[in-house]
Amino acid sequence: MTVFEGNLQDTRDLKFAIVIARFNDLVVGKLLSACEDSLRRHGVAVGPDSHQVDYAWVPGSFEIPMVARQLALSGRYDAIVCLGAVIRGQTSHYDHVASEVAKGIQALAFQTGVPVTFGVLTTDTMQQAIERAGIKSNLGWEYGENAIEMATLTRKIRHLVAVRAVQPELPEQTPPSLLQ
């Protein structure tokens with residue numbers, strides 16, 4: 001049996017894109033800061049001169065899936081992080097936006113094979129959103145870690161598929177050392 005598992009260490013050659021919604025920037029800015037901190041602490045070069053992280057700013061969360069799809073199809077990224085916040089208001093707008101964003105992000109991961117982290121908060125109140133992007137607990141950190149883990153996991157799986165294509169005689173129970 002082969003066991004596949006991502007890790008948080010092999011980040012030196014990984015390339016990430018972060019798609020950030022400007023709407024609800026009070027919350028989204030905090031998610032972005034924590035996500036960047038997570039990536040940085042796991043060895044990813046983050047910042048204006050980074051060769052590992054690119055940023056795409058969009059007006060709101062509804063626009064995230066389209067831009068993330070274009071980035072995924074470019075073939076340049078090992079993972080994409082989508083950051084936004086959809087907060088319930090007085091109309092049904094929230095239900096439509098939250099649902100379509102979630103579906104769009106999930107669909108593009110399936111269609112492109114590029115891991116896409118769903119970092120769009122969907123909350124009933126601004127207070128709930130602030131709590132999820134706050135000092136005590138900030139989900140942005142987890143979104144960064146999830147992107148790293150999924151990028152390293154899919155890289156291992158792709159490597160095994162490529163090795164098996166060249167060496168079909170490899171046993172089904174390939175030792176983990178061959179998957180590195």
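Glycine is treated like the rest: Cβ placed from N, Cα and C.
Here Swiss-Prot flags H93 as active site, proton donor, drawing on sequence analysis. Non-local contacts of H93 (active site, proton donor) by the CB criterion (under 8 A, 6+ apart in sequence, same chain) are absent.
In sequence order, A21, F23, N24, V27, V28, L31, S61, V120, L121, T122, T123, A129, A133 are the residues of the chain that are 6 or more apart from A85 (5-amino-6-(D-ribitylamino)uracil binding site) and have a CB within less than 8 Å of its CB. Under DSSP, A85 (5-amino-6-(D-ribitylamino)uracil binding site) is assigned to a strand (E or B) in the three-state scheme. As annotated by Swiss-Prot, 5-amino-6-(D-ribitylamino)uracil binding site applies to F23, S61, F62, E63, A85, V86, I87, F118.
Following the DSSP three-state reduction, the secondary structure of R132 ((2S)-2-hydroxy-3-oxobutyl phosphate binding site) is helix. The C-beta environment of R132 ((2S)-2-hydroxy-3-oxobutyl phosphate binding site), restricted to residues of the same chain at least 6 apart in sequence and closer than 8 Å, consists of V27, L121, T123, N138, L139. The (2S)-2-hydroxy-3-oxobutyl phosphate binding site annotation in Swiss-Prot covers Q90, T91, R132 and rests on sequence analysis.
All protein chains included, F118 (5-amino-6-(D-ribitylamino)uracil binding site) registers 18 other Cβ atoms within 10 Å of its own Cβ. In this structure, F118 (5-amino-6-(D-ribitylamino)uracil binding site) is part of a beta strand by DSSP. Of all Cβ atoms in the shown protein chains, 21 besides its own fall within 10 Å of the Cβ of I87 (5-amino-6-(D-ribitylamino)uracil binding site).
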